[in-house]
Structure formats: structure tokens, C-alpha cells
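In TrEMBL this protein carries:
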{"type": "TRANSMEM", "residues": "29-51", "note": "transmembrane segment"}
{"type": "DOMAIN", "residues": "44-295", "note": "domain 'G-protein coupled receptors family 1 profile'"}
{"type": "TRANSMEM", "residues": "63-85", "note": "transmembrane segment"}
{"type": "TRANSMEM", "residues": "105-123", "note": "transmembrane segment"}
{"type": "TRANSMEM", "residues": "135-156", "note": "transmembrane segment"}
{"type": "TRANSMEM", "residues": "208-229", "note": "transmembrane segment"}
{"type": "TRANSMEM", "residues": "241-263", "note": "transmembrane segment"}
{"type": "TRANSMEM", "residues": "275-297", "note": "transmembrane segment"}
Amino acid sequence: TMHHSRPTNTSLSELHLTGIPGLQDLHHWISLPFCIMYLVTLAGNSTLLYVIKADPSLHLPMFLFLSMLAVIDLVMSTSITPKMLGIFWFRSTTISLGACLTQMYFVHAFSVMESGVLVAMAFDRYVAICNPLRYLSILTSPVVAAIGLAAFLRAVVFMSPLTFQICHLPLCSPAVVDHSYCEHMAVLKLACGDAAFSNAYSLSVSTYVGSFDSLLILLSYALILRAVLSLSSPQARKKAFSTCSSHLCVMALFYVPGLLSMYMQRYHQDLPPHAQVLLADIYLLIPPAFNPLIYGIRTKQICDGARRVISR
């Protein structure tokens, strides 16, 4: 049984990803929903980007942030899913150390970036609902570009030290990563050197990003809620609620599994490994597949834009 034996003498220029530890016999079945979600991610986000680009009426800050989210989701899921499906279908578990570190960097940096864009989208809704007359004078194109750049730079600044540290830690045999992608904590378990700093750093960065960003988002939605409840027309209230509820769905999809998977891994060592890995996979696979569906279907302008693009 190829997948129970652990290769011990591999040179550490390459590692082996186990897929979902303990569930190797079910890999073919697990690959089906994963594959479908990936195809939905590709189709949904590409369509969203195409519609927003093709329809001039959608060239507004809200949809520019939505485009950023779509690009991030495409990159994030493409950095892990093809390799994961390779493991599930062909048992191609080997990954070079360079590819592993690159994958790790992309996954974690783009998660931080997505978090930043979600904050920007919450701010965008706050301005649109609480300050509608000044919306376009506050969120000008340069401001939107600056916010996007800030989200990008923050991710690079936070995640580069993490990858740099792992590059300089000696890794020990057996070079087996009990995960379906190169997740930082899973790779860190191979370190023979002192990994305490790397451990503490990654925990503090993810806690900071997760809690700081979700607090900012909750704050903007609390202010939005206050403004919405003071709107006189039920029509306006309904419209504002509908936009915000779809946003909150996306935020919950992103933060809840993310923080859960991180803390489970640290503090619930009795949790079976496959549960931890599945949680981490779902956290990276579900939001990219559902974001375009939630926004595309629940946002009237996007539905109308799609119709105009199709009828053209």
C-alpha cells in the first residue's frame, strides 16, 4: 500500500503531501465535490470579471472591489486545487520544496489580501449607505486603487517573513506533510530547528488579521444598520438590507472556517487530522466558489449587466 508507507530517505529538496490523512481510500470520492467547486470558481469568477469589464455602468467602486475579490479567489484556489486533484486522482504526492514554499506563500498572502478587500467592501457599503451623496467623491478611482494596493502590500509585508523563516529552518525526514496543500503549520512540523518564533509569528499575524479585520467589518455594518433603520421608506430599507446580507454571508463564509481551522489546529490536538485538513480545504474552496454566486445573483446591477452583455 503505497499511501501508508512513509518515504523516509527522500532528499528534502522535495516533500510529500499526503492529501487527506486517514481518508486516502476515499480520495476519489472527495475529489468530486472539490473538482466541481473549482470549476464553479473558475466559471463564476471569470464571468463576474467579464461582465464587470464589459458593462460600463458597473465601473463603480463597489464592483472594482468585487473584481479584486474575484481575481484573489481565482489565484487562491488555483494555487492549491490542481495539485490537490493530482494527489486525489494520480497519487502524485511529490512536490518540490520550492513549489511547496511558493504555494504556501500564495495561499496565505492571498488569504490576507482577501481579508483586506472584504474590509474595503464593508467600507464601500458604509459610504454608499451612510453618505450616498458623497459616494463618488470619497471613493474616487485613485482612492480605490490605493486601497487595493494597501491590501496587497499588507499581505506581502506580513507573509514574506513567514516564508523566509521556513526557508532558513532545517527540515527533517520523513519529508511528509500531513496535508493536501503546503499549509504553514503542517510544513512547520518538519522543522528540526527551533520553530517557536515562526509558530508565534504565524499565530499572531493570523489572529491580528482575523480579529482586526472582522472588527472593522462589524463596525461598518453596525453603522450601516443604524443608518438603514432610520431610513423612512421600507423600499430603501429592504434594498440596503438585501445588499448587506449578501455581504455578511460572504464575510461569514470566509472568517468562520478560517479562524476555526486555525484554532482547531493549535488547541485541539485530539481532533482527527482528517477533520483539520478538511476544514482547512473547505475554507479555501468554498468562499471562491460561492462569492460570485452570492454577489452575482443577489446584486441586481450585476444581473442586469449580465443580461445586457448577453443580449449584445
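A Cβ is built for glycine as well, from the same backbone N, Cα and C atoms used for every other residue.
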Intrachain neighbours beyond the transmembrane segment (208-229), with Cβ under 8 angstroms and 6 or more residues off its ends: 112, 115-116, 118-119, 122-123, 125-126, 129-130, 158, 236-237, 240-241, 244, 247-248, 251, 255, 258-259, 262
Distal contacts, the transmembrane segment (241-263) - CB-CB under 8 A, six or more residues away: 111, 114-115, 118, 121-122, 125, 129, 203, 206, 210, 213-214, 217, 221, 224-225, 228, 276, 279-280, 282-283, 286-287, 290-291, 294-295, 298-299
Chain residues in Cβ proximity to the transmembrane segment (275-297) (below 8 Å; excluding those fewer than six residues from its ends, i.e. six or more beyond): 20-21, 34, 37-38, 40-41, 44-45, 47-48, 51, 66, 69-70, 73-74, 76-77, 80-81, 84, 107, 111, 114, 178-181, 183, 246, 249-250, 253-254, 257-258, 260-261, 264-265, 303, 306
Leading stretch by Cβ pairs under 8 Å, where the reference is the transmembrane segment (105-123) and the options are 29-51, 63-85, 135-156: 63-85
Cβ-Cβ under 8 Å with the transmembrane segment (63-85): same-chain residues at least 6 beyond its ends: 17, 19, 31, 34-35, 38, 41-42, 45-46, 48-49, 52-53, 95, 103, 106-107, 110-111, 113-114, 117-118, 120-121, 124, 144, 147-148, 151, 180-181, 281, 284-285, 287-289, 291-292, 295, 301-302
